[in-house]
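J.: Structure provided below as structure tokens; questions to follow.
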Amino acid sequence: MTKRYFITGTDTNVGKTLAACALLQAAISIGYHAAGYKPVATGYQLTLDGPRNNDALALLSNSNVILSYSQVNPLVFSEPTSPHIACRAEGRNIELSELSAGLKVIEQKSDWIVVEGAGGWFTPLGEGILYSDWVNYEKLPVILVIGMKLGCINHALLTALAIRQFGLQLVGWIANHIQPTTTWSQHYLAELRNRLDAPLIGDIPWLSNIPVALLAKYINLAELS
């Protein structure tokens, strides 16, 4: 049976894509046919092959199954803003059924999937629709990426509470050091380990000079249910 996980973050720009790539590398290293899925992406570069979003390209390059770009990222919008604003600017709508249809395609080709969301847990996709509504519909186990900075404890606890209020399982969290580590960072990490009722499955250091291809060592999939 295919293992499926949804990646959310305490905020935008906390390293969800980096964490998703690390998870894919770790899964591949222990024999899985692993794929990344970015159903909705905003902001792209127009190439000879069409619109391409950098986050989706990263997931595609870190998967070890053969997928087309449109399978990894079926919905891409020009404006680099919240999905509900970006799609409205193009006169389009996001249907949750489209996200589910894309997920089924990925499931047919892989046995381990990481689905990367957009922004945080309550990111809107349209009028009265949140990204988390779709996660709830699919009953996806959730992995929380925490950008290690001042305020992250509050953001993490609020997000964890919101996930559980949906009746969903927070199966693990990843600490991503989005700035050079300080003494305070270690205090934040210790407090999060004490307060979050989920295992720490990854601790990714400040990676200013470390190749992105070498991320698997920062992930412990043994802790992931």
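Just so you know, glycine gets a Cβ as well, placed from its N, Cα and C.
From Swiss-Prot, for reference:
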ACT_SITE  K38  active site
BINDING   13-18, D55, 116-119, 176-177, 205-207  ATP binding site
BINDING   T17, D55, E116  Mg(2+) binding site
BINDING   T42  substrate binding site
J.: Could you state the CA-to-CA distance between D55 (ATP binding site) and E116 (Mg(2+) binding site) to the nearest Å?
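T.: Per the Cα atoms, D55 (ATP binding site) and E116 (Mg(2+) binding site) stand 9 Å apart.
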J.: Determine the minimum-neighbour residue: among K38, H177, listed as recorded positions, which Cβ has the fewest other Cβ atoms within 10 angstroms?
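T.: Ranked by other Cβ atoms within 10 Å, the recorded positions K38, H177 bottom out at H177.
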J.: List which of the binding-site residues N13, T17, T42, H177 have their Cα within 10 Å of the Cα of E116 (Mg(2+) binding site), in sequence order.
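T.: So the list is T17.
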J.: Out of N13, T17, G119, H177, W206, point to the one nearest the residue listed as 'substrate binding site' in space (Cα versus Cα); all of them are binding-site residues in the record.
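T.: Closest candidate to the residue listed as 'substrate binding site', judged by Cα separation, is G119.
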J.: Pick out which of the binding-site residues D55, E116 has the most other Cβ atoms within 10 Å of its own Cβ.
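T.: Comparing the binding-site residues D55, E116, the most crowded Cβ belongs to E116.
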J.: In which DSSP state, out of helix, strand and coil, do we find E116 (Mg(2+) binding site)?
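T.: Once the DSSP labels are grouped into three classes, E116 (Mg(2+) binding site) ends up as strand.
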J.: Please report the Cα separation of G117 (ATP binding site) and the residue listed as 'active site' in Å, rounded to an integer.
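T.: Spelling it out, the Cα of G117 (ATP binding site) and the Cα of the residue listed as 'active site' are 7 Å apart.
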J.: Where among the binding-site residues G15, G117, G119 do you find the Cβ with the fewest other Cβ atoms within 10 Å?
T.: G119
J.: Relative to the Cα of K38 (active site), which of the binding-site residues N13, G15, T17, H177 has the closest Cα?
T.: T17
J.: Beyond T17, D55, E116, what residues of that chain have CB atoms within 8 A of the centre of the Mg(2+) site's CB atoms?
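T.: Other same-chain residues with Cβ inside the cutoff are I7, K16, A20, C21, G36, K38, A41, A56, A58, L59.
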J.: Is it possible to get the count of other C-beta atoms within 10 angstroms of the C-beta of W206 (ATP binding site)?
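T.: So the number of other Cβ atoms within 10 Å of W206 (ATP binding site) is 15.
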